[in-house]
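Copied over from Swiss-Prot, here are the features:
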type	residues	note
DOMAIN	392-825	domain 'Ketosynthase family 3 (KS3)'
ACT_SITE	Cys565	active site, for beta-ketoacyl synthase activity
ACT_SITE	His700	active site, for beta-ketoacyl synthase activity
ACT_SITE	His743	active site, for beta-ketoacyl synthase activity
DOMAIN	1322-1632	domain 'PKS/mFAS DH'
REGION	1482-1632	region 'C-terminal hotdog fold'
COMPBIAS	1698-1709	compositional bias 'Low complexity'
DOMAIN	1720-1797	domain 'Carrier'
MOD_RES	Ser1757	O-(pantetheine 4'-phosphoryl)serine
Amino acid sequence: MDSALQRVIFFGNEFPSDDLKDLFRRLYQHSKDRRFRLLSAFLEESTTVLKDEIAKLPWPLKELVPPFNSVLDLADVDFRQGPLGAAMESSMLTILELGMFIGHYQAEDVEWDLIPERTLLAGLSIGILAAAAVALSSSLADVSKNGAEAVRVSFRLGIYVADISSKLETPQSDGTLKSWAHVVTEMTQASVQDELNQFNTDTHSPELTKVFISAADKTSVSVSGPPSRVKAAFQHSPILRYSKSLPLPVYDGLCHASHLYTRSDIDAIINCAESVIKPDRSVRLALLSSQTGKPFVAKAASELFLEIGTELLTGTIYLDNVTAGIIEHFKLQSEAATKCRIDSFRTSLVLRGIHSAVEAHFAEEQQQFIRCDLVCWVHKDFGPRQPRSHASSKLAIVGMACRLPGGANDLDLFWKLLEDGRDTLTTVPVDRFDLNTHYDPTGKTENATQTPYGNFIDRPGYFDAGFFNMSPREAEQTDPMQRLALVTAYEAMEMAGVVPGRTPSTHPSRIGTFYGQASDDWRELNASQNISTYAVPGGERAFANGRINYFFKFSGPSFNLDTACSSGLAAVQAACSALWAGEIDTAIAGGLNVITDPDNYCGLGNAHFLSKTGQCKVWDKDADGYCRADGIGSVVIKRLEDAEADNDNILAVVLGACTNHSAEAISITHPHAGAQKANYRQVLHQAGVNPIDVSYIELHGTGTQAGDAVESESVSDIFAPVTPRRRPDQRLHLGAVKSNIGHGEAAAGIASLLKALLVYQKNMIPMHIGIKSEINPTIPKDLERRNVGLAMQNTPWPRVEGKKRLAVVNSFGAHGGNTTLLLEDAPEMVKAQNPEDRITHSVLLSAKSKKSLQANMESLLSYLDQHPETNLADLAYTTSSRRMHHNMRFGTAVSCIPALQKALRSQLDNTNFASEVRPIPNEAPSVVLAFTGQGAYYSGMGRELFSEFPYFRSQVQQLDQLAQRLGFPSVVPVIDGSIEDSSKSTILTQLSVVILEIALARFWSLLGVSISAVIGHSLGEYAALAVAGVISAADAIYLVGRRARLVEERCTLGSHSMLSVRASEDAIQQMLASGPDTAAIEYEVSCCNTNQDTVIGGLKDEINDIRKALEAKSIKCTLLDVPYAFHTAQMDPILDDLEAFAAHVPFNAPSIPVLSPLLATAIFDVKSLNANYLRRAARETVDFAAAIEAAQDMGLVDSKTVWIDVGPHPICAGLVRGMIPSVSVVSSCRRNEDSIATICKSLVTLHLAGLTPCWAEFFKPRECEYSLLHLPKYRWNETNYWIPYIGTWTLDKAHLKHGTKPMTPFSLSMSRPSALRTSLIHQITAETIESTTATLHTISDMQHPDFLEAIQGHTMNKCGVATSSIWSDMAFTVGEYLYRLLMPNVKDVHMNLTDVEVLHAQVASKTRGSIQPLVLQAHLDLSTNSMCLSWFNADGETGECAAESFATATVRFEDPAAWKKEWARLAHLVRGRIEALEQRAVEGKASRLSKPLAYALFKNVVDYADRYRGMDSVVLDELEAMAEVTLVPERHGTWHTPPHWIDSVSHLAGLVMNGSDASNTRDYFFVTPGCDSFRLLNKLEPGAQYRSYVRMFPLLEDPNMHGGDVYILQGEEIVGMVGMIRFRRVPRLLMDRFFSPPTTTSVVGPAPPVVSAATKTHGITQSVPEISAPSPSIVVSDSTANNTLTDKLPVPVPRLASSSESSTPKESPIATPPESESAEPLGNTVSQCLRLMARETGLEVEALTGDASFVQLGVDSLMSLVLSEKFRAELGVEIKSSLFLECPTIGEMTAWIEEYC
């Protein structure tokens, strides 16, 4: 630091005025550079801190924060709104300022130069926290660490302030931001304070919610308070009303409020700083107080944070003092320093004032003042960026599952197989293929296998289709690999306790799937025998992962990898890489292989891969190749820190994973020792591990001569070198699972990994059984001397205390790839003692079928019988919080294992179990909170909740602090039970009840309960109004306390009483009136609880007389234990004051309906909620019964509604049941019962009723004490879905000779005589011209030669389809024509064609000589400079126009100068992207397409005529492309702008969507329904050259739609643009439906051959062809031209059918139309439809019950299209496919058919 320099660093409380997203983006980019290591460290630490703090939030708040990998990701989120606004804004400001501060130093590459004597830190509000991080630092590295803790404090401060403030005034339910502070200028602090004092006095404002001064200086005063009260204060005071004032951007609550916060609040926020910053750490730099203008006196960190917290929460800001403090600093150093510098983050109004004052003070002195902006550096370019580092997290494998040969259908069976040394070798099962015909050991039979051996999984076709929402037909067509990938993924997640969304690492958007697969046997063989609707999604590899992501709603990446034999382990390595890269937080990975195709056997055998003698003989001298094997395996992987935070069971830790390639091998299939060794070194370096420390290696070990020799060499050289030698205690054990279960090919690597994980679990290396004779002589001879060898017997592998065992897993691919994983032991988890203080525990089981639920219950019962030591708390945690819950449910709350066993046996022994079990409703029932009154009070209510749950405790404490600040006593001793009896105090009694109820309501929300309505009984109505947002929590406490105090002061204790009577009001009146002694007794009805429960009140003696009289008539009466008669005349003395107090309380519209016992109705708005309402509620009858009846009448509640009694004891529960006997009511607390047990029982009831409680929050307080149990896996309700390979056609195809017959091209008429106006506008039928408007109607004939030629230049499905450029030319033609009529002197007309929407495609009829008219209607209005257009079809004979248009658009007449200005700003960006594409093409990273190739790709959907083919070359990179365009010189007609020119410059977007490999063009085609705008700066020129550029992207609002902007350039300038052109994805199955000529029916393909009788396999009908080759199929299309292309199109999920025909065999070889009359009477239409649905879906008719939903049956949008076509074709029943959405269940569908068909 310059010795002559004094320095002040100012940390403001406002963001810089720059684009914040850009600042954070630049900060992030710089953090990747090696130059900015400390900046990166700070951002990473801040990310960790924020994730840690967010994880501690209650889930409703946690859900508001999107998943983020870095705090900078949050810069794109609008963090200034919502409940987290204050926290996010505070923390992000702290991050920005400290990030800029650190980056400034590193950008300038200067050392820490802050000299304490010459450096002063200053700041305002949150800025002081950032400054504190610097004040405590002696180096820049310290700032990085301390800064993260400043971020933590900032976040906590924001959370705390927002929470407290929300209790003072309820935030707006619509998200509207209201300021909590206004600044007043030109008034003194004293005069403003006088006005505020007057307002607070006049309005009886409570101290807690008073309006106050939070900041002041000479020129301004800041006034703060709840927004409504601040507004009221300015309206109340004429002086303030007419003062100069502005609202400040303070939207989240109050700081600087000494009346609101105390030391306990400050401690709650700042005590976190001690977690990293030592409390005794010295303060290094002076930090100025914004209140006193003097440096804080603190000497240590803890004192400093305490002072800062006190100032932020309770201190007033005095800017003049800040300025004076800065001047004083400069004055003290003025003699030694001649330069004064103020560093800041941009400037602000406050900072400019400080600058001016300081410079003015030193104006006469010879000092140089410098201003330094700490933000400027971020905009600099520091040259090429050097990557900082790779991620260094360890990874944890937390779950696994398998289906492996030899019956190893779970991990226990797999281990048993290994432990017993079993060999799973068999011959090929008959369900795969017939060895009698396909096996020839001589090799003479073409396409036959020379080996009969393999290793196969049991029951590969068995699958629970219903669980995965698949129809039997879809399940049958789906590859067993895909099915078992789903199953094992679920089982692995079940073992891992993964519940998507439970923790940040398991958020669905952060979970990805990675599977290895190297064959397509099912698709190529079994399913190809009869290709059906689900052939593609059931057989294509990508759908294996896609199904997992789609079913579980994971939106992370899904990759299906093929690296031959190493695919499975390579998929795991890819998953690890994604985790290390931060792309995901959880990965599900595995390998898949199910063998069915004899072709692959033949191919591998002919290539000499396979052994002809049997199993893989790993390291045996007779090794002669590998033996094929099935295998399915899945693992779940997380980063280690996430797994530990999630309380997972860690099976092993991944230290490193690498893949390379044997590029130098002698042949592509030959292994290479050098490459293998290089891969080992890489993975060891990655982990920093000594190879000598590795003690177990699971070899690739295939049992081939070359493979075994090379791997043994590479392993021994690296892991057991000659020198340094391994010590005797460093034995390297080797194993090879292929000797047991064969070579699983794509699943081989995952099988090896599963074995290694089991070795870790079992602490034993199983025996190697691969050496059948003697060891292979090619293996190094000195292995024993090197202390390495195969484990020839089961060998213990104990874990040594203080050390971690290291293991390596190898998997090599036949193509040359090598993958290696390095593993170590899981961390030793020491669980905290679990004292099981909770006396009741929830145990939950669920399934998707009754059979599975029963089996799950039986397996749990069996587990408990075998493990009687099972900890009930762990079992509850596992089954409740760590399981996905399904619609068939069992649940119970028990206190011991025997009770659970009894409950399970009771259910299982019930013979009516199957009929009594019902699935939960598809829609969760509504929930009503019922708040009890004072009568439920007792000491210790909620004691256990207060002790156990920090969230509940914090809510009670915060509400209690509000009560104390309002002058009322603390209620905590009542709630936690530390005082025994305080019922004599009405204030304490009523406040404790209301505070308890508000806290309970918030606790229920934390537990995942979504509230539909509230109702309060008497005192409980205050809590209900607070929870509904009508009044704030602070106001509820204030009013209840005031009301109670008035009662104590104005009402006589014990003079009145209340009596509960078991009779109606009328019955009581009649009985009393009939008695001579009771007729004159006066009483009042206080409460009508039910129709037979009434509470009356009055004078004590008279109530006693009434009780005696009624009891004499056998009427049950109960005298209530209350000191006053509420809701009677005894309350009259308090009413006026109560209303006066309530008059100053703001009332809001309820956020949820309020059921009013006063008004006997439901309240939805604020009109009837006011001070008078509370007055009446205190005095008038509580008509609880009428309120419930009204809610029933209004449909707000019904018999399915769940009611939660919120209060100390369930009083309202009985009242609700009295009104709705069948209703479900649960309690929050119960007298003489543990409140946690009560909540637990209630949660179980809610769970069984169909709600989804947040079990994670229920177990969260003690989660670290619980263990995740390894319980029996889900029991599947399986059916065998297997398509057997029939015949010998894989052999026969070697002898088949195929011929082809070319299709005859369609001939076009090219004549185009025209005497009409233009080629597209043929006749004007109406024209109206007025002064400023014009209307025009035209008619055109699409069969006219010019028009027809334009259409035929753009053909789809061999049909001419009108391109959008046709409508563009027509619009421009009519637009210029009308505009010039109204503005004849205009020189040029520039038009913007906007809002183009084409609802129906226009397809040219193939009937020549006919008329195909269309009408164009246009209306131009000069007042808006726009013209509306509509296109209509018309009748060919009458010319009558259709009622609805098929297309609309608007032409806007605009100034092209604005276009030029807009495009000038964009031109360099577009050119940059074009240059980047060109460079990528040069590098081979993008595809350069010639004109022929580009239009050949286009023919995938569209065939363009030559005139339309203007693109000379294209560079295509996924969804981004550019094209060089030359327009044809001929206009070919009369146009405004020829359509073929428009298409040439714009149809690049269509090529991207229909030709890019980024689009699924095999299953779909893409059509454009329109665009937002189309502009051309100048008219297109014949023969001119242009360039087009586009980047398409998926639209968030519609997953089936893409959009993008097409830029048209001439030279370097943009001369045109198609804005937001949209393309909709449409299944190719529907090509005929949407693009067929209006008058034709086409039959494609020959008739199918005659087939033999159908065979049936497990209920699925199969066609058996008479010849062994697959049969061709027939497609019949009968579609009209006008087919919807826009949002009304029911686009199916990605599935494609080769034919819409059923797989059911037909007796006739030709297609015949449906008969005119059904074979059955019309009354049987429903049964016919049901049978057809059963046939097409593969379900039994009995399964189509009335309550079965189409989603559950697997009827998706594609199947609904197929069914609607079948209904029409076979039954003559016209049903739209959308009806399956409108009638979502079988019952609704059949009712519709009965009604309308």
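Glycine too: its Cβ is placed from the backbone N, Cα and C atoms.
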Set of same-chain residues at least 6 away whose C-beta sits under 8 angstroms from His743 (active site, for beta-ketoacyl synthase activity): Cys565, Cys616, Tyr626, Cys627, Arg628, Ala629, Thr702, Gly703
Residues in the domain 'Carrier' (1720-1797) grouped by DSSP into helix, strand and remaining coil: 49 helix, 2 strand, 27 coil
Mean predicted confidence [pLDDT] for the domain 'Ketosynthase family 3 (KS3)' (392-825): 95
Close in space, distant in sequence - His700 (active site, for beta-ketoacyl synthase activity), Cβ under 8 Å, 6 or more apart: Cys565, Ser566, Gly707, Glu711, Ala736, Ala748, Ser752, Asn810, Ser811, Phe812
For His700 (active site, for beta-ketoacyl synthase activity), the three-state class that DSSP assigns: coil
In three-state DSSP terms, the structure that Cys565 (active site, for beta-ketoacyl synthase activity) belongs to: helix
Other C-beta atoms that fall within 10 angstroms of the C-beta of Cys565 (active site, for beta-ketoacyl synthase activity): 30
Mapped DSSP class for His743 (active site, for beta-ketoacyl synthase activity), helix or strand or coil: strand
